[in-house]
Amino acid sequence: MDISKIAFLAFIALSGLCGLANATYKVGVGRADITGPPVEINFMGYANIKQVGRGIHTRVFARAFVVEDEKGNRVAFVSADAGMMGYGLKREVIKRLQARYGNLYHTDNVAISGTHTHGAPGGFLMHLLYDISILGFVPQTFEVMAQGLYLCIKRATDNLVDGRIFLSKTTVLNVNINRSPSSYLRNPEEERAQYEHDTDKTLTQLRFVDVENNLLGAFNWYAVHATSMNNTNRLVTSDNVGYAALLLEKEYNPNKMPGKGKFVGAFCSSNLGDVSPNIMGPKCSISGNECDLLTSRCPAGEGDCFASGPGKDMVESTQILGQRLSDAALGLLNEQSQESTAREVTGDVRFIHQFVDMPNYNGTAYNPLSRKIDKIRGCQPAMGYSFAAGTTDGPGAFSFAQGTTTDNPMWNFVRDFIATPTQEDIKCHEPKPILLATGRATFPYEWQPKIVSDQLLKIGDVIIAAVPCEFTTMAGRRLRNQIRAAASAVGGLDTEVIIAGLTNIYTSYTVTPEEYQAQRYEAASTIFGPHTHSIYMDVFERLTKALMRNETVEPGPSPPYMNDVMLSLNTGVLFDGHPINTDFGYVKTQPGKEYGINDTVKVTYISGNPRNNLFTEKTYFTVERKINEDRWKVAYTDASWETKMIWHRTNTILGFSELEIYWNISPQTLPGVYRIRHSGEYKYILGGKYPYEGLSHSFTVNED
């Protein structure tokens, strides 16, 4: 234990002697595996139909905290290593919670947020536009996520103890950049002058401890896309923020495998809409020249406009940024008392939630463009042309460019085959040219949500604003300021407002009215039109005032139940086979006899399809170290950063497949004798699934 840790513990102990260690809340944290089918299912995020899973780099997890005040008011917050959250999924989680706990948990007091990794299996959102590149709904993904989300809240509930909460903040540079700076510059100069950067650089942490000042968990909010791994990645990954969580948990769960241990550390999404982790900026992929600032296009022959991270490749970039985030969070946890920015969170727990029918919303709000009070209304959902252009994190297809404000007869003709926007829709969305009139599309079911979930969780003087989309930097700043001002005006409370992005239901992006005029990707994906942000400002101001007055609000219209109309083009596993003279688990490629630090071990097995058994809360393989003649100890699993699992179909007709396991020997690896064990299931051609196991020869890892 280093000196800073000792100092921090001394500070907490001194607080206890001064009478500050009395419990303010009951607090609990929990974690669960939500890794979906790692092969043959498309990933959610880039909408790239070629991005089909082939294995695992890291497992993905859901992490929860539960807080209850002295009066029994309770809230639960979940951060899931997922692209985003769908309401059908949340509805199922609430159903399972209520089957166990009655009405202790419900829609209003549970918030489920996605970290926005683009490297996890999709097919769980239940709206066609978001599942179409996944080839439809994937029941296996939905089920493992629903059970994992339920389980992490259950574990947090089971772990409830008397405790305290501390809030602290720090600045983290060299992790994010604004990927639409020309849009950001549309915001008023006097407003931009209030901020040093064009992205939020503040990491906000809630630290949970028990009455004996034992650290239970730390939840950290930071605005950055989890897109260090680009759309060529084919392995399940929690990306930069997920790696940061693994590092933080490893620090406080020594000698535990990833995903195990009492301490829970999460890195949660915030107003990341226009925020990229690819901090080296966009360049033309062939020439290396700068891309056009407004359109993010490159001249003919110079390639696509791609942004890159600080590493030599996307894996190293993920590692570098994850380390920076983890170090920042660890720094807050290890602050010495005289330097501490932490303050204790005190006060009651409250919550408020309302469903809002966005296309039918009518109200008034200040218009920053006209500088007067205007009527505001929502539009039927629609995606603009620049949506198809993609971003510098993942360019789109065809000839679409960001910043497009005019339409094209050919693409309008294609659009109208799916659904034709009305003249009112076209007028409502201006200056966005409509590429997909998703609000008018009904076949085979709803393409995008029309009803959104707006929610606030109050823990003392901290308010978590659960927003159902990706707010851009300035959109998030304005919302935080609006909520803070409303809380102060009504309740006289100076609050810390945290924006939790991609929560409860997913409705793409929200930009400021000024940014909407630029019609870059984020604006084209602001599906309810130019007043979207103004509506959210209006709704959340009203909800904040009601929250502070302890008033109830009308629940609003519930989103439609669509579980029974889901379609999918994904096929199940028919059967597995193996070549003659082999069996499942046969080691086709054995490891070498000796390895050194930074070497990579590779072992290949004859395998079944990993979709036969997801090994949830378990592992497809273990790297084991020999302790003595009779005992081996697990050193790494498929959740470890140092390992990778890649699956190949070698003969489709006969159902043959192979599994490659890679282990990169890090400098922290203990020397000794090792072996690699693979566990799986195969599906027999006449029916039934059967377990198998394969074990490699032992090999030696030498000291450096």
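Every residue gets a Cβ built from N, Cα and C, even glycine.
Predicted automatically and left uncurated, TrEMBL annotations should be read as such.
Taken from TrEMBL as is:
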| type | residues | note |
| --- | --- | --- |
| SIGNAL | 1-23 | signal peptide |
| DOMAIN | 25-537 | domain 'Neutral/alkaline non-lysosomal ceramidase N-terminal' |
| BINDING | H116, H225, E470, Y509 | Zn(2+) binding site |
| ACT_SITE | S276 | active site, nucleophile |
| DOMAIN | 540-701 | domain 'Neutral/alkaline non-lysosomal ceramidase C-terminal' |
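Taking the C-alpha positions, the distance from E470 (Zn(2+) binding site) to S276 (active site, nucleophile) comes to 12 Å. Calculated from their C-alpha atoms, the gap between H225 (Zn(2+) binding site) and the residue listed as 'active site, nucleophile' amounts to 5 Å. Taking the Cβ of H116 (Zn(2+) binding site) as reference, residues of its chain lying under 8 Å away and at least six apart in sequence are, in sequence order, G45, G83, M84, H225, A226, T227, S269, L272, E470, G501, L502. Y509 (Zn(2+) binding site) and S276 (active site, nucleophile) have their C-alpha atoms 14 Å apart, to the nearest angstrom. All protein chains considered, the CB of H225 (Zn(2+) binding site) has 27 other CB atoms within 10 Å. Using the Cβ center of H116, H225, E470, Y509 for Zn(2+), the list of other same-chain residues with Cβ within 8 Å runs, in sequence order, S269, L272, G273, V275, C469, G501, L502. In this view, Y509 (Zn(2+) binding site) is surrounded by 23 other Cβ atoms within 10 Å of its Cβ, with every protein chain counted. Sparsest Cβ environment among the recorded positions S276, E470 (other Cβ atoms counted within 10 Å): S276. Model confidence over the domain 'Neutral/alkaline non-lysosomal ceramidase C-terminal' (540-701) is summarised by a mean pLDDT of 97.
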